[in-house]
Structure formats: structure tokens, C-alpha cells
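Residues annotated as transmembrane segment in TrEMBL: 23-44, 50-69, 90-109, 129-148, 157-174, 194-215, 227-253, 273-295, 316-332, 344-365, 386-410, 416-438.
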Amino acid sequence: MEIEQRTIDFIPEAERYGKERDLFPVWFGANVNLTSLVTGALLVSMGLNLFWAVFSIVVGVSIGTILVASHSVQGPRLGIPQMIQSRAQFGVLGAIFPMLFVMFIYFGFSVSNTLLAAQTVSGVVAVPRSVSIVVFTLLSFVIALYGYKLIHDTQRWLTWIACAIYAVVFVIVLSNPPSLDYWLPIATKPALVFAGIGVTCTFALSFAPYVADYSRYLPSNVSSKKVFWYTFAGIAVALFAMMLLGALLAVQIPTFSDNSGGSLAMLFGSFSPILYVLIVYALLCINVFNFYGAFMAVVTTIQPFGNMRFGSTQRAVVMIAIAIANAVLSYFGDGDFSTMFLNFIFLMSYALIPWTAINLVDYYVLRRGKYSVADIFDPDGIYGRYNPIAIGAFVVAILAEIPFISMYYYTGPVAAYLGNIDLAWIVGVPVGAGLYYFPMRARLSRIGPVQTATR
């Protein structure tokens, strides 16, 4: 096994391999973890019964996953990582702006996963959480350092192991199901339902900034439909199952959120070590995504300023810096996990929604998948250094969301008027897409086909 040599550069056809179906285990494995399960439990802790929790899961996950799967198609077509493709919309230097928000997402999820893993280990082994944090971070670093192929392999192994073990967990949980009252479509606050949909949609959508990273090695002639559906199925099936299981456990175990990993493992009684190992392994697999994505983001940010080449040594140096940052943030972030995680999801959505709207409108509507990949790496190329249209649309969309925000720390005037319903994630789509589409369409019609040249 050798360290991956490619970073953000274009993957030549001769180096591409794999089938569309390879994407299913990657994304299924990425979501059969404790973080997904805790997200389902959050819906119940927010005040939703099982009927409305399931409704929120199905609607929110479906919306978010459709958008993520649409991004996944870009990987084999362009042969480059997801976020560097944003240079075609924001400009080679302008893309650094949304990149900063994406870095926040990577580290937010990385810290969340690390804290959950440390919490789980502490329930089994009498070691300080700081030790668990360091060991978990080191393991994440090693797998992310080796890169694409090892990440695919670890996800594939996880998929089959998790399917078998979580099938048993479902049987155990459903052997003592919650009473029928929990499943009735009783009247509830619309604010809670919208918040639930927003949480599940954003959680699924959080994979958008790095989804193409794991499809970019596929041959360019693969079926876009199959790439879409295998990505969709991997994410949606796993999230439907894990979030439902989390909601069920939150109903059956009132203290579930205090030690979610330990509560889950205890269902296996004397066989609980099996669950503990699976929980930590699954969290490790998804945490590697965040390390790998953070590395790609750092390289994408640095590359335009010096056209640097990132070999194995430079890759290791950047990864070490990311690992240190993760360990430090996890150490100081070890507090009220549920509150921290819920607010992190809401904050993430406010920037992620406008970015995905701009990116997908550009790819599917304006340029129809035709880009000059060489110019994506050239600050003086056809995409320029900055695109004020994309940057302006992104900023205005975020500002437009503020009155609709409903969080623990802040509630906007419109959200308060509507009964604390958070509609910011809905507002961001039309505002971001509309403010980008119309002026950009006019600009492309003036400039001509050079702006949509193929590589």
C-alpha cells in the first residue's frame, strides 16, 4: 500500500478505475455510524414523536441526498475534487471564500466524531478522554494519509460488517417496541417539524463538499444516472436506518444522549464489546473523510499562490497540522455534546445551502457540465481570479437567511413571528440560485462559448 500521489490535480484517464456500484459501500459505510444515529435521537429530544421524526427523516434526507448525488456526478466528468470545481463559479481565488466555510464543516464533524469515539471508549476502558482523542486522531491521520484507495477499502469492509450487526440491533430494539401512541400523527408545532427536516437535510447535504472526491477516479464514460443512484442509495438507505434507530433508542432510553455509544453497546449484553468496536471503527471511517477533505481544502487554498506541488512529504506535513488541530479542538470542545452538535448543524446549513445552489445551477443549467479543467488551475485563465457574481450571490443569500434563523443563541424576526420556525435553509436555495443564474447567464451570453470550453 502506497501513499496516494494525486491531490487536487486532474486524474488522467489511464489512472482511472472502478465501477459506479463502488460508490454504494463508500456512502453507506460513511453513514452507518454513531453520528447519524445521534442525529435521529436529536429529533426526539427536540420534541418530535416517532411519526414526525420519521417524516422529518424521510423528507429531509431525501432532499439533501438528491443534491449530494447530483454533485457526485461531477467527479468522473471533471476528474477533480469537489471544492476545486467551485473555482469555475467563484474564480480561482474567490473560491477560497466558500472554502473557509467548508473547512468549518470538516473540523466541526471531525471534532463531533472524535468526541463520540472518546465518549464510547471511556465507557469501556478506564482511560482519560484525552488519550482516546489522541489515539483516534492518529488512526484517522494514518488512513487519510494513504488516501483514496485505502478509504474505499475501509468503507467496503465496514458496509458488510455494519449491515449484519445493525440488523441484530434492530431486532433487539423492535422486540420491545414503543407504544402505539408514539407513532400517531398527533398535532405538533410546525416549527419542530421544519427544524427536524432542516437538521436531517443539512446532515445529508454535509457530504456535498467532498462527494466528488470519491468518484473522481471513476472512468469519465461511466453512467451519470448510475453514479447518481448508487450515491443516493448509499447515503439515503444508511441514514433512513440509522436515524430511525436513533429515534427509537431515544424513546426507549431517556438517557441515551448522555452516552449514546455505551447505551447502544449495552443492548448486546455480554457481547457489548462487538458493538463498541463497530462504533469506534465506523466513526473512524467517516472521520477519515473529514481529514481527507480538510487536506484537499488546504491544498486548494494554497495552490493558486505558488503553484506548489504536494508530494508525500508535503501531504504528511499538512495532515499532521490537521490532526493537531483536531486533537486540540476536541480536547477543548468536550462539553455538552448534544447542544453543540445541534447548533453546529444549523450553522453549517446557512453557508452550505447557498454554495450548493450556485454550484449545481452552474454545472447543470448554465454550463451543462462543460468546463476547461486546465483553466480551473490558472488564476489568469478564463474563470478569472474572482467572480463577483458568485461571491455576491453567496454573501447576499447568507444575509437573506438571517431573519429566518431560529437557533439556541439567536432567533431572527421572521422566524420569531412564525413561531420559531427555521426556514433559513429553504430561503438560501432560491436566493443563491437566482442571484447567480440571471446575471451569470447574461454574462455568458455576452462572452461566448470560451467560458464553456471543454478540457
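Note that Cβ sites are derived from N, Cα and C of the backbone, with glycine treated the same way.
Using a Cβ-Cβ cut-off under 8 Å and counting only residues 6 or more beyond its ends in the same chain, the transmembrane segment (273-295) has close neighbours at 7, 29-35, 83, 102-103, 106-107, 109-110, 113-114, 116-117, 120-121, 123-124, 136, 139-141, 143-144, 147, 151, 154-155, 158, 161-162, 165, 169, 207, 209-210, 213, 261, 264-265, 267, 315, 318-319, 322-323, 326. Most Cβ pairs under 8 A with the transmembrane segment (194-215) among the ranges 23-44, 157-174, 386-410 are made by 23-44. In terms of C-beta pairs under 8 Å, the stretch of 90-109, 157-174, 227-253 lying closest in packing to the transmembrane segment (23-44) is 227-253.
Contact counts against the transmembrane segment (90-109), taken as Cβ pairs under 8 Å, peak for 344-365 among the stretches 50-69, 227-253, 344-365. Sequence-distant contacts of the transmembrane segment (227-253), counting only residues of its own chain at least 6 positions beyond either end whose CB sits under 8 Å from a CB of the stretch, comprise 20-33, 36-45, 50, 53-54, 57-58, 61-62, 65-66, 68-70, 72-73, 75-76, 166, 169-170, 173-174, 176-178, 182, 200, 203-204, 207, 211, 215, 218, 260, 263-264. Long-range contacts of the transmembrane segment (50-69) within its own chain (CB-CB distance under 8 A, at least 6 residues past either end) are made by residues 40, 43-44, 178, 182-186, 188, 192-193, 196-205, 207-208, 211, 227-229, 231-232, 235-236, 239-240, 243-244, 247-248, 251, 356, 360.
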